[in-house]
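Quick look at what TrEMBL lists:
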type     : residues : note
COMPBIAS : 713-723  : compositional bias 'Polar residues'
COMPBIAS : 749-760  : compositional bias 'Polar residues'
COMPBIAS : 774-783  : compositional bias 'Polar residues'
DOMAIN   : 245-297  : domain 'HAMP'
DOMAIN   : 304-355  : domain 'HAMP'
DOMAIN   : 360-596  : domain 'Methyl-accepting transducer'
REGION   : 710-783  : region 'Disordered'
TRANSMEM : 14-37    : transmembrane segment
TRANSMEM : 221-244  : transmembrane segment
Amino acid sequence: MLTFIAKGQISSRLMGAFLLAAVIPGLIISLLGVTFIKDQQNRSQAVQMNINAFKSTTTTAAYFPQLQELLKELYQDQYATTSPVLRAQVQGCIQKLQQLDTLFLQSAQQYKQKNILSDSSIMGQSLTLLTNNDPLTKLPIRQKIAVDQVLSQSWPGYLQAQEKLFTSIKTKRSASIANQELQQALQAGQLAAEDWQQVVAISEQLCREITQVGPAQTNPLILATILAFLSTMLVVTVIGYAVYLTITRPLHELSLLTERIAAGDTSARAQVTGKDEISQVARSMNTMLDHIVLLLREAQFQRDHLQARVEKLACDVSVVGEGNLRVHAEVTADAIGVMADSFNYMIEELGSLIVRVKLVAYEVDGSTSNVLTQMTQLVETGKREMEQIAGIEEEIHHMMKTSRQVSERSQILYTVARGARRDVQLGRESILHATNGMGRIHENVHATAAKVLTLEECSREINEIVEAISGLAHQTNRLALDAAIQAAMAGDDGKGFGAVASDIRRLAELSKDQAKMITRIVRNIREEIGAVTHSMQDTERETVEGTRLTREAGNALEALFAAVEHQAREIDSIHQIAARQLSASKSISSIMQRISASTLESNGKTEEASQHMARLARLVEQLRASVEAFKLRENQGYYIANSPNTHPDEDPDKPFTVSGVYRKIRAHEQSTFSSWMRDDIPLPPPLMAPIKRPDQLQSSINRLQKQYPFPQIPSTQNSQLSGSDWPLPINETGQMQEPMLPGGFPPTSEMTPTPNQFQPSGWHLPQPPEEEAISNQEQTSNP
């Protein structure tokens, strides 16, 4: 099975595994969902049926209060009234009672047939849910017992008591007997109602038990979910592991193959069994190993041949380490021959270098003595400068102390000015509050005066009302007097009327006295209101005058505040100037300290340089003694400082060679050198201007290196030649020669560049615009 899977592409395997891992859990979840939906539908149906049963019991229970009321109404119509109309309604009440009895009996029997859990077939789902929640439940038995209790005992007893009452009413027995039978019927009805209420309670409890989700419902769902999860994980794990094996086994074999190759086993090969990506990698690795084995064999052969040639060259040049520069290595036609020729050239250059070192040592000895004398004078001058700097630093310190005192005094003035500004601000706010307060007082006084005038008007109206009351009292007194006269004239029949007239007269007198008292009080109030009015007018005038004076004081204080604020700003400016002056003094002091330290350090370095110059003189003597140990060729013309082949403008300290002599190697050696060049570097484009001065070469080579990096040229020397070490030589006629590579490589005549070769000195390098202008000026002034 795994072999069949491994024959396909890895992407196809992964896609198939992902599809299976997605489809299988989806199917399992769908099955769980369908099962859960069916269970919920059955549960919903059972709950709905129990709710309907509960509604039926509550509807049936509502008949009992109606029966009780109708029985009482029947008794009242028959015995508690004498109205013939109400007595005619007795037969109607009996019929209503019989109809309610029939409805109750039908409803109870229907409930027994359809809703008893133990007997009804349609309630089987409800019974199953109930027993699943509680296998030991007794609700079905209690339900049946309660319904049987009502239908077989309570309700028949009530019907018998009711029938006795009907018989007593029809036979027109006494009210006491009918009342006893009514009470018995009511008690029987109450007992039946209580029994039926138990049925209602049991039905309600059944609804709660069925709607309650218990372990019987949750445990199967949880178990099914766990089983679905475990089966899904198992299937996905099996699929993933199968795909994992088809991928990791070949990779493990490739890993073992690479470990064997790393250990040096070049005979190891990967087994190719399929056509997937890993098999393609294994096939490519086998091909690569075959090529590597061939390359290793060829490299081993070349290494052995090269090692033999190098050992021979090492024997020839080993005496150079002893100072013998008279040796000459054998030059052959292979790559080692090029190295031998380069080594011979190096020996010649080294001899020229030894000669030049001797000459330079004499010159350095004289220059060192002159420099030592001048540095001694510099040390003395530095000491005098240190004394002058110390005096300047003391003066600056005194000036900084004075500036600090000025800054402290300005800080005190600044603090006082800030306090004055705060006081001025508080005074301004106080004046503003006082002005606003006087304005509010004026407004309040004006409003109070208006209210006092209103009170005066009201008191006038009260006075008029009191006068009207006094008039009414006077008229009432006259009427009472006339009534008393008429009563006296009437004799005994008018005595009662005379007493009333006397009371009315007395009340009229009392009203008149009270009216006079009110008049006196109102008069006093009006006098007080008049006095208050005059006082309020005086207060209003004084308030206006106080407001005017407060505003004048505010204007005067505002001018004073402006002067104080101007003074505070000026003091603030003085404080800032003093602070800047103090900061500048500190900066000058710090600068002078740094100058002093720098001068001291410079003097120390000058003294140290003087000591180094003395040590340099000793080293020059040692160098002269050291170069005397080299043995030079007797018939070799070495380069010296005043060689006639050197151009006057050329820097003698950085020659392209020490001896100034350049050689060319043979054509077969050129090809060997060209093979060292990098093939992936493109040729530079044709350049426009030749190099006329050696000092132009450095910037041009640096610019060319950024665009076309130079290859690493093999050499027997341990140092590489950079662009700054390649000045152009001068021929015997004084003209600039074509540039050559070390070892005598011809740039143009004997070595033509090809697209796969790169010789830096075989091309003219570009000039920047300013250098080109300088070159043109030199050519014009000195053709």
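Backbone N, Cα and C define each Cβ position, glycine as well.
Mean pLDDT of the predicted structure over the domain 'HAMP' (304-355): 74. Across the domain 'HAMP' (245-297), DSSP helix (H, G, I), strand (E, B) and coil residues number 39 helix, 0 strand, 14 coil. Within its own chain, the transmembrane segment (221-244) is flanked in space by residues 1-2, 5, 13-14, 17, 20-21, 24-25, 28-29, 31-32, 35-36, 39, which lie at least six positions past its ends and keep a Cβ under 8 Å from the stretch.
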